[in-house]
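Q: This is the structure I want to talk about, given as structure tokens.
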Amino acid sequence: MAGYEYVSPEQLAGFDKYKYSAVDTNPLSLYVMHPFWNTIVKVFPTWLAPNLITFSGFLLVVFNFLLMAYFDPDFYASAPGHKHVPDWVWIVVGILNFVAYTLDGVDGKQARRTNSSTPLGELFDHGLDSWSCVYFVVTVYSIFGRGSTGVSVFVLYLLLWVVLFSFILSHWEKYNTGILFLPWGYDISQVTISFVYIVTAVVGVEAWYEPFLFNFLYRDLFTSMIIGCALCVTLPMSLLNFFRSYKNNTLKHNSVYEAVVPLFSPCLLFILSTAWILWSPSDILELHPRVFYFMVGTAFANSTCQLIVCQMSSTRCPTLNWLLVPLFLVVLVVNLGVASYIESILLYTLTTAFTLAHIHYGVRVVKQLSSHFQIYPFSLRKPNSDLGMEEKNIGL
């Protein structure tokens, strides 16, 4: 398993022919963020590898997740009568979230600036973005949390899925059209949430208890914005882009079945995880919401990464992700009835297995593509340049 190769020879050949194609029509991105990123990227030294910038931004998102997990492990910290998250934590999380967003915006510019753009860089960037979805959403949840003034863990679970499906739609579009249409919601949400974190430190979480308008609470505004953005912007634009490609006869897949294959695994993951919640004898989502969210988000990221590999290499996406097999078995066992502690053990075991499997997948894919393109993933040096130096030294 240690040396298992996830990228097939056919996919490696597809990567050789890959050309980046993306469309960004978001005014915030075009007129505000890109000029800002063009200025920021000049601060970075030209020896700094773009993938190192990408990975640094991802680590900041993970750090925010872990920091909030420490101060708000069960999502009750923002509820009335509970010990609140310290103000300095909100400031740190807000700053780091914006820095992570900025690093995600400048990594590609650094690649073009240093003439080091590769398909691996795009795959690495989008692959980490797919895993960042769960870290980002769960960290944001602590602003409102659970309780009478917050959002229930099941509603947050559904909102997480709205974000996850919104993310995968962009890559489903590219799988079918060959063009990555960058979603508007990403830039808006990152800037807004970074600002809200800082505001929370200034006014306190109690400010979010008050109605935003009449009896419309801020938590309702939060929920409405996520759902509204998905239903009124992301989904219509995705379907419109798909229809335009169909009308222009530029779709990469002719049959409806082949076009929707990438959605099978995410949809089945949603069905299985929801069934677990509904059939759980111990109300597993109420007991371990953070772990359950992370398990779902990690499995989703793995399926999304496989889709990204396929759309970049112009190969067929797998029908189902094998990670769904142990999840199906666990849901089956839970439905038969198990003790509360057994169900908790099953959740932690499955989450650990998914995390290790996903990390293994990522590491192996990066190693394969690095070897194929003869590059170092976190350095601008070339392996063959080292070989050349050795040969010169031998000659001397």
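Here the Cβ of each residue, glycine as well, is placed from N, Cα and C on the backbone.
Those TrEMBL annotations? Automatic predictions, nothing curated.
Look at TrEMBL and you will find 47-68, 88-106, 127-144, 150-170, 221-243, 255-279, 291-310, 322-339, 345-363 tagged as transmembrane segment.
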Q: Counting only CB pairs under 8 A, let me know which of 88-106, 127-144, 150-170, 291-310, 322-339 has the most with the transmembrane segment (345-363).
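A: By Cβ pairs under 8 Å, 291-310 leads among 88-106, 127-144, 150-170, 291-310, 322-339.
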Q: Six or more residues out from either end of the transmembrane segment (88-106), which same-chain residues have a Cβ under 8 Å from its Cβ atoms?
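A: For the transmembrane segment (88-106), the list is 33-34, 36-37, 40-41, 44, 53-54, 56-58, 60-61, 63-64, 67-68, 71, 125, 129, 136, 139, 190-191, 193-198, 200-201.
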Q: Cβ under 8 Å, sequence separation of at least 6 from the ends of the transmembrane segment (47-68): give me the contacting residues as numbers and ranges.
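A: Same-chain residues near the transmembrane segment (47-68) but 6 or more away: 85, 89, 92-93, 96-97, 99-104, 106-108, 110-111, 114, 116-117, 120-121, 124-125, 128, 131-132, 135-136, 138-139, 142, 376-380.
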Q: Select the range from 127-144, 150-170, 291-310, 322-339 that forms the most Cβ-Cβ pairs under 8 Å with the transmembrane segment (255-279).
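A: Looking only at 127-144, 150-170, 291-310, 322-339, the most contacts with the transmembrane segment (255-279) come from 322-339.
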Q: Most CB pairs under 8 Å with the transmembrane segment (150-170): which of 127-144, 291-310, 322-339?
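A: Between the stretches 127-144, 291-310, 322-339, 127-144 has the largest tally.
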